[in-house]
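Everything on this sheet refers to the single structure shown next.
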Amino acid sequence: MKRGLLVSLEGPDGAGKSSVLEALVPILEAQGHQVVTTREPGGVPISEAIREVILDQNNTEMDGKTELLLYIASRRQHLIEKVLPALEAGKLVIMDRFIDSSVAYQGFGRGLDVADIEWLNQYATDGLKPDLTLYFDLDVEEGLARIAKNKNREVNRLDLEGLEMHQRVRQGYLYSLEKDPERLVKIDASQALEDVVKDSLAVLNQHLNSKS
């Protein structure tokens, strides 16, 4: 059986990744794709338990390296238990965050060594990278304003970080975009949701058609 495709959605907090993913799935399924959606951290019970620890607002003393290693542990279990089996079954796997989040948040955001993070990503994934990454770019202030307005969104520990941290995170994403422009495609997330979905679908379909 032909291996499936792995797509990751990345971007700063408030960029709307989850809303875009929710809108894309029925469209892609109507096109005949078997779609598996999942998220990081989380996706499987062990990884979801780690997610609770990472995002708990009460864990204010968490060290940056501790945070990174928890993400890496969650990533490994999620990959082995859910992502790889779906890819082997020929499915289209779309992940809400993956390896680029660690570079952005723990590398640029927390100031940890990016080379160390890239090595840990490689170790945890056995070198697996997404076939395509959609990076939803948004001004940091606008993203945080969206979070504040969204009463249905549970505020987590990372949401409580200051503006400068979130600005560094965005710079981390722009670093990854420049480093790997063939894999990462920038989407303007400041547009209306329907336009963001339209742009995302166009990029996805172009990639899917090139692989068919």
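Even glycines carry a Cβ here, placed using N, Cα and C.
Feature annotations, courtesy of Swiss-Prot:
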BINDING   Gly11, Pro12, Asp13, Gly14, Ala15, Gly16, Lys17, Ser18  ATP binding site
Neighbours of Gly11, Pro12, Asp13, Gly14, Ala15, Gly16, Lys17, Ser18 excl. site residues, C-beta within 8 Å of centre, ATP: Phe136, Leu138, Gly143, Arg146, Ala189
In three-state DSSP terms, the structure that Ser18 (ATP binding site) belongs to: helix
Ala15 (ATP binding site) CB neighbourhood, other CB atoms within 10 A: 26
Cβ atoms near Asp13 (ATP binding site) (within 10 Å, other residues, all chains): 20
Assigned element (helix, strand, coil) containing Gly11 (ATP binding site), judged by DSSP: coil
